[in-house]
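As recorded in TrEMBL:
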BINDING   Cys31  [2Fe-2S] cluster 1 binding site
BINDING   Cys71, Cys74, Cys108  [2Fe-2S] cluster 2 binding site
DOMAIN    148-333  domain 'FAD-binding PCMH-type'
BINDING   Val176, Val177, Met178, Gly179, Asn180, Thr181, Ser182, Val183, Asp279, Leu323, Arg341  FAD binding site
BINDING   Gly714  Mo-molybdopterin binding site
ACT_SITE  Glu896  active site, proton acceptor
Amino acid sequence: QPPNSDHLDYFLVFTIIRSVSIHVHYPANACLIPICSLYGAAVTTVEGIGSTKTRIHPVQERIAKCHGTQCGFCTPGMVMSIYTLLRNHPEPTLSQLTDALGGRLYVCTNLKLFSEEEFLPLDPTQELIFPPELMTMAEKQPQRTRIFDGDRMTWISPVTLKELLETKVKYPQAPVVMGNTSVGPDVKFKGIFHPVIISPDGIEELSVVNYTDNGLTLGAALSLAQVKDILANVILKLPEEKTQMYHALLKHLGTLAGSQIRNMASLGGHIVSRHPDSDLNPLLAVGNCTLNLLSKEGKRQIPLNEQFLRKCPSADLKPEEILISVNIPYLRKWEFVSAFRQAQRQQNTLAIVNSGMRVFFGGGDGIIRELSIAYGGVGPTTICAKNSCQKLIGRRWNEEMLDAACRLILDEVSLPGSAPGGRVEFRRTLIISFLFKFYLEVSQILKRMDPVHYPSLTDKYESALEELHSRHHWRTLKYQVSDPKQLPQDPVGHPIMHLSGIKHATGEAIYCDDMPAVDRELFLTFVTSSRAHAKTVSVDLSEALSLPGVVDILTEEHLHGINSFRLLTKPEKLLSTDEVFCVGELVCAVIADSEVQAKRAAQRVKIVYRDLEPLILTIEVMSSKVGPEKQISVKQERPSNSKWLPKNRGFAAALVHIYLDGSVLVTHGGIEMGQGVHTKMIQVASRELRMPLSNIHLRGTSTETVPNANISGGSVVADLNGLAVKDACRTLLKCLEPIISKNPGGTWKDWAQAAFDESISLSATGYFRGYESNMNWETGEGRPFEYFVYGAACSEVEIDSLTGAHKNIRTDIVMDVGCSINPALDIGQIEGAFIQGMGLYTIEELNYSPQGVLYTRGPNQYKIPAICDIPTELHVSLLPPSQNSNTLYSSKGLGESGVFLGCSVFFAIQDAVSAARQERGLFGPLKLNSPLTPEKIRMACEDKFTKMIPRDEPGSYVPWSVPI
């Protein structure tokens, strides 16, 4: 069944069943998988497993009823990931569940446990089967190369090795695509174009798994998920000393991307792409792995070494060659391998630095016979410390060797101060910190193998080998005690499911991209400045306007008199055609009959700039350029800015209709953005009208019904609009009081009909004019708000002082919400806000180029929390209710307020860093700025390695990024 949305977001996931000897289910990212690659596959989207029009699937029901959805945009991906897991593993472990959700990038939901009886049972016999027509097609249709021709490109899918080799001879420059996880993003985001793409399909020789006397041979077309499963099985079958390489590969495969990407990405594609921050290539390079190649000319084998990774012509694939398989040798006795990586986030993100290290002693004497060390993330390709390793051969494995190795490797694996990616001193420190960890790991194994000749590690060294706190997640939620005087049918104060929860889980919720185009609809794309501070010399629109479908291009001249906008601030210009003050400032706007054409035209607008002197780069620069008097005046300007703080008190309106069948329709001015305001409004109407929730319906916010609505923000949307709905309901009840008093035992249908017969209006508007404020914004005196929201959080963390990694072990949150209207929604808001705040204070870092370009503007650079960042234990409690008669049922608005609680993680890390520094004899003052990233944590934990790295003199290089 086709997906609901034309725009398939990152988390809408397919379940694909391949028609081979067995049917395999796996989730995949819709934004990456090419349609041409789906020939012969059965594709199931979230709408296909269940909907409100047919029946909902138990997975969809559980995630909705357990309050696992807020805005719902990422819910379909969660549903399909769990659905696929259950198809493959009907009784999954908690680890498998966590891993299945690992591709999800932001956690803003909470899950509550229900008893099993409250849910639809999971019945495997009712699941979708593989379509018989596809089975027949696979069995009877002759196997031959499939060719798909488009306007700009051709997709070729050979189905035999012979056809693949012939195709590669014919198109030697065409990329071979298996999972499209490398070529796809290049095409989509970098504008790289391939006129021909070759995509092998079901070629058995590319998916071999062979056990030899020397090692394991894996086919290049195996997905990384398949490789992960194969290695896990191999480890169970072979002696431990042979499988250290496989253990190390498994360690990296557990954090490499998410499960959806690992299901798509192939082993061969990962190797041949040779990304400089590849996690697997440094390990494979130190492990003496070899690549089996094939062409029309015959077979060839090349080593996976530094020359191959640097794409040296003599060590690379020839254009007509195909990577068939990879040989990964077993380890020998007295041979040890380890893998290391450090990233901005623990999982599903590219490493800042990674490494593979191998040592072979040949015997129990501790003399190095072979040593191989490779790093990723420290250069344009994977770097092997070949010369350093050669000089260390023959040395004994001790601290003197370690000290010499650190100095040699720092000299050989050198990073310039202006290296792309920045974090230069941090990366230099990681290079030798990883080496120290390897030294400790090997020393510990040697001690275990020969306790007589190798001393035990000291306690402080042993802690360096421990994994950061790793246990399964668990949480407790503590609601408020219900008022015993509350009527049984009154829903206020109860954990009612999000009104759109089921539709979120089935993919039926409508978002902007799901709305059908209207007749003659136009699309607008902005052209933005590429300079931080410049005068516009000329703007040439001619080429852009000549493109078909382009209607017009708006500039500052077109908006004379209306070229500004204001939101709680001074007015700002909308379009700046004459002078720009930041990269990304809006210059003009292209209007076209399609989004694609609007974007293409925007790229054709030619702007010539004349750069102006930068205003201020940093506070330090400002201080050096202005005198003390001006610095004082800058400081004195700050209080006067308070004049621009919001002075309105908030207002809201609502419209409530009662129909003759006894049902009710509610409309209000609040925007539903996941916080559950619509759900709360129905609860309010239910209480006021003493009517079951099932009788009350809600229409989406529209100015047709509620005009001039207040802004939805500041966590007061439910407060204000709830009081307006309450006002409308009470107006209706007052009008209907004579009717109800005549027939107190009647139903709403009876009362509505009687009111209609007596010409009594069954519609009412409600209005709330806002809380009274006695605040003097000029003097800063008075009481600006009706109430304050209070919260407290306590977090416990562990840090790795050698890498800067941290793990949030436990967080306890107590929140004052007054009398909660819906504790399930409120706790979801608290948890979501806390996770947002945790990201804000620990990983969400902004990096700007010296020219003012924001680097961190996409998921590759800007990191937000993932499931791995949730505290291992998370306990949320609502404070016992407090009464405040002026608010909606004594409730308090929630949302942004919980964000600040994320700083408890920041301060816990700061305490851990201080403890690490004190162990090293560092007792001076410590300044740590937010976000407290791995870089800041590691560099604050000063030790002999941070002192050993070379430091660049300020001004001797142009940094990749500047501190803001």
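Note that Cβ sites are derived from N, Cα and C of the backbone, with glycine treated the same way.
Feature map: annotations from TrEMBL on the structure.
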residue	record	Cβ within 10 Å
Cys31	[2Fe-2S] cluster 1 binding site	14
Cys71	[2Fe-2S] cluster 2 binding site	20
Cys74	[2Fe-2S] cluster 2 binding site	22
Val176	FAD binding site	24
Met178	FAD binding site	23
Asn180	FAD binding site	25
Ser182	FAD binding site	20
Asp279	FAD binding site	26
Gly714	Mo-molybdopterin binding site	17
Glu896	active site, proton acceptor	15
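Nearest by CA distance to Met178 (FAD binding site), out of the binding-site residues Cys31, Cys74, Gly714, is Cys31. Between the two most distant C-alpha atoms of the annotated FAD binders (Val176, Val177, Met178, Gly179, Asn180, Thr181, Ser182, Val183, Asp279, Leu323, Arg341) there are 28 Å. Averaged over the domain 'FAD-binding PCMH-type' (148-333), the predicted model reaches a pLDDT of 94. Each residue contributes its Cα atom, and for Glu896 (active site, proton acceptor) and Val176 (FAD binding site) these two points are 47 Å apart.
Put simply, of the binding-site residues Cys31, Cys71, Asp279, Arg341, the one whose Cα is nearest the Cα of Gly714 (Mo-molybdopterin binding site) is Cys71.
Looking only at Cα atoms, Val176 (FAD binding site) sits nearest to Cys31 among the binding-site residues Cys31, Cys71, Cys74. Counting only residues at least six positions away in the same chain, the Cβ atoms of His252, Thr255, Asp279, Ala351, Val353, Asn354, Ser355 sit under 8 Å from the Cβ of Arg341 (FAD binding site).
Checked against Cys71 ([2Fe-2S] cluster 2 binding site) by C-alpha proximity, the binding-site residues Cys31, Asn180, Ser182 yield Cys31 as the nearest.
Cys31 ([2Fe-2S] cluster 1 binding site) sits 13 Å from Cys74 ([2Fe-2S] cluster 2 binding site), counting Cα to Cα. When the Cα atoms are compared, Cys74 ([2Fe-2S] cluster 2 binding site) and Asn180 (FAD binding site) turn out to be 22 Å apart.
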